[in-house]
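Participant: My questions all concern the structure below.
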Amino acid sequence: MSSARDLIKVDIEWGMERLVRAQQVVELRPYDIESWSVMIREAQTRPIHEVRSLYESLVNVFPTTARYWKLYIEMEMRSRYYERVEKLFQRCLVKILNIDLWKLYLTYVKETKSGLSTHKEKMAQAYDFALEKIGMDLHSFSIWQDYIYFLRGVEAVGNYAENQKITAVRRVYQKAVVTPIVGIEQLWKDYIAFEQNINPIISEKMSLERSKDYMNARRVAKELEYHTKGLNRNLPAVPPTLTKEEVKQVELWKRFITYEKSNPLRTEDTALVTRRVMFATEQCLLVLTHHPAVWHQASQFLDTSARVLTEKGVRTSVENISPILCVPVVNQIEWVMAFAWWWAKDVQAAKIFADECANILERSINGVLNRNALLYFAYADFEEGRLKYEKVHTMYNKLLQLPDIDPTLVYVQYMKFARRAEGIKSARSIFKKAREDVRSRYHIFVAAALMEYYCSKDKEIAFRIFELGLKRFGGSPEYVMCYIDYLSHLNEDNNTRVLFERVLSSGGLSPHKSVEVWNRFLEFESNIGDLSSIVKVERRRSAVFENLKEYEGKETAQLVDRYKFLDLYPCTSTELKSIGYAENVGIILNKVGGGAQSQNTGEVETDSEATPPLPRPDFSQMIPFKPRPCAHPGAHPLAGGVFPQPPALAALCATLPPPNSFRGPFVSVELLFDIFMRLNLPDSAPQPNGDNELSPKIFDLAKSVHWIVDTSTYTGVQHSVTAVPPRRRRLLPGGDDSDDELQTAVPPSHDIYRLRQLKRFAKSN
C-alpha cells in the first residue's frame, strides 16, 4: 500500500506564494493540519472543478475525518454534481459514524428526491438506514425527532392506512424513548401526548410498560454526557504525537469505551452490549485510527464476546438436556426443537462476533497501519485459533512483500506458526526462505537453532545452524554472544573455548566490537578455568585494550572483572568511579549502591549516591525578598520586605517624580483630623435653590480659573543644597524597581511628629 505522501496529488495553480508554500509543506509532511487548513480556506472560494484534486488528496490522507468529507460533499452539492455526491456518500457514509455527516446525507436525500413520486418511501428508507447506523449516538435526537415529524406528516387515506401510520410512529417512539440520547425527556413527553390523543386508556398502559426502560435510558444519557465531556469527535486522525492534548483525548476515549463495557443499561442482551461498545469504538477509530491499541482492544472485546456466547450456548444445552430426558417420548420432540433453537441462536451470534473480529483486524492491516507487524501477528493468531491456516500464510506473505520493512521478526514468527500448525519441516522451509532474503538479520539463525534444540531435541542440527550463521554474521558480537550462550547452556566447555579462540583470532571483529566478547571470555575462564588461564586471558585482553584510547591507563579497572559476580563488586561505587571502571564497561552505578563490598571488612557500605533526592520547591512561585527601609507591617511574609508591584502600578510609579521633589506645603495631620471629628455633615446634600443661596453656577468656578504655574520656583531640578538630587528608577521585569537605586528621602523641615519626638528626647536627657 502506498504511503501518505504518495496519496497527495494536488494539481492547482494557486497564484500565491503562501499557498504554494503550504502545498510544499503537506507534500513533505502529509499530516500538517495548519498547511491543509490554509489550502482549504482558499479552495472554498473557488469552483469545485478547480480544487477537486485538493479534496481528493485530503480525504485520501484523512480517510476517517468526517469534517473533510463533509466539506468535499458540500462543495459538490453546491455545484449540483449529484452523481459525484452519491459516489462520495458510498465511499464514506457507512464507514464514518459521524452525526453531522449523516445529517448531511438526510438533507441531500430530502433535497434531491423531493420531485420523485416515491419521495416518501425514499425518505423513510433513508431515516431507517440512518437510525440503524447512527441511532445510538448520544446526539442523534434531531434525527429521531425529524423522522417522527416526517411520519406524522404523511397523509393516510382510510382506516388501514391510518393504523399503519400510527403503528409506524409508535414503533419509532418506543425505540427512541429507550435509547440514551440527549433530549430523551422531550421525546417521552411527545410520546405520552401522542398516545393520549389516540386512546387515553391505552396511553396509561403504554406509559407504565415503557416508563422503567425510559428512566433507565435517561439515567444512562446523563452519565454519558459526563463520560463524553471533552471529547473532540472532529479531530483529524494523525499518527501519535504524544502531545498533552492528544494524551488527554486518548484517556477520554478509553473512559468512554470502558463505561460502555460496564453495561450501564444493565441488560442481559449480550448482543446489545456488544453493539454499543463497538459503536463507541468505531467512533473512537475515526479519531485514533493510527493507534494500534484501539484496533487490538476492539478485536479482543469481540473475541471475548464470541467466547462468552459460545459458553452460554453450551451451558444452556447442559441445563436443558436433563428435563428432556424426564418427559414422555411424545413431548421430547417439542423440547428438542426449542432447545435447538436457543442453542443455534447463541452459536449464530457468536459466529457473527467472531467474523466481526476478523473484519476489524482485516481493516486494521488494510488501512493506515498496513505496516504495523503487531496487528498482523494478532490477526494471524486469531485465524490460527479458527484453524484457517491458509489465511495465516497469506497474511505473513503479504507482510513480507512490503519492500521497506525489516522482515526478521516476521520470519521468526512465521517459523513459529509453521512449527505449531504443520510441524518442524514446514518451519525449516520458512527458515530456508528467510536465509535467502538479503534483508534478514542474524536473529533468524538463532531462532531456527533454538527451535531445533527445544522442539526436535537435536542439538547437532542446532550446531550446524549456528555454524552456518557464523559464516554470515561472524562480525556481529550480538550473534557471537548468542552462540556462546547456547554452548554455555549445553555445558560444552571445550567447544565454548574453541569458539572464543576462533572468533577473537579470526579478525572478523574490530577491537571496539570485541570488548564484550573479551569480557565474556574472562568471565567464562573465571568460572571454570584455573588461575593461569585467567591471567592469560587478562593479558591478551589488556593487549587489545591498549590500542583503544578510552581504555588507556585503566589496568586496575580491568582487574575488577576478574573478581565481580553478578551485581557484586569488590569496590564501592565511589572507588569504581575513581579507577574509571564505570567509564570502562558502562555499569549502572545505582545498581551497585549498597551491593558494593569493602575489600577490608566485607561489610555492605552505604552509598551516598543511593540516597533518594530530596523534594525541591517550585521556585517559580517563590516571592523575591527585597527589604525596604520603611516597609509597612504585613506587606510581606518576612519583616522588612514588600510584595512586587503589579506591572501596571509599577509602570505608573516609574513615571511619577520621586518623593523628595515635593517641598511643601505640608498638612498638619492632627489639625486636619480634628476638623474632621468636629464636622457635622447633613444626611443628604442640599439642593441648590434661591433660598439657601446655592446655585449650580458655583460649581462652574473651577472652569473659569486659570491656574498659573511659577516655573521659576520649580524647574524639575532641586535648588536646595540639603536635598538629595532625584535619581531615575529603572523598572525591572515583573513590575519591581532595582535594588541599587533605593534611597532614603530627607525628612521635611516642617515634620511636626519629628519635632515632638526631639523635644521628648531632650527632656528625658
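Heads up, the Cβ atoms here are built off N, Cα and C, so glycines get one too.
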Participant: Write down the residue from Ser598, Ser738 that Swiss-Prot flags as phosphoserine.
Facilitator: Ser738
Participant: Six or more residues out from either end of the repeat 'HAT 5' (230-262), which same-chain residues have a Cβ under 8 Å from its Cβ atoms?
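Facilitator: For the repeat 'HAT 5' (230-262), the sequence-distant neighbours (Cβ-Cβ under 8 Å, at least 6 residues beyond its ends) are 31, 33, 62, 64-68, 98, 100, 223-224, 273, 276-277, 279-281, 283-284, 286-291, 294, 297, 301, 368.
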Participant: Taking residues 6+ outside the repeat 'HAT 2' (80-111), which of them lie with a CB under 8 Å of any CB in it?
Facilitator: 48, 59, 63-64, 66-67, 69-70, 72-74, 122-123, 126-127, 130, 133-134, 137, 139-140, 142-143, 146, 233-234, 279, 282-283, 286
Participant: As a test of reading the model: what is the averaged pLDDT for the repeat 'HAT 7' (491-527)?
Facilitator: 87
Participant: So, by DSSP, how many helix, strand and coil residues make up the repeat 'HAT 7' (491-527)?
Facilitator: 26 helix, 0 strand, 11 coil
Participant: Six or more residues beyond either end and a Cβ under 8 Å away: which residues meet both conditions relative to the repeat 'HAT 3' (118-153)?
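Facilitator: Answer is 94, 97, 99, 102-103, 105-106, 109-110, 165, 168-169, 172-173, 175-176, 179-184, 186-187, 190, 221, 224-225, 228, 275-276, 279, 283.
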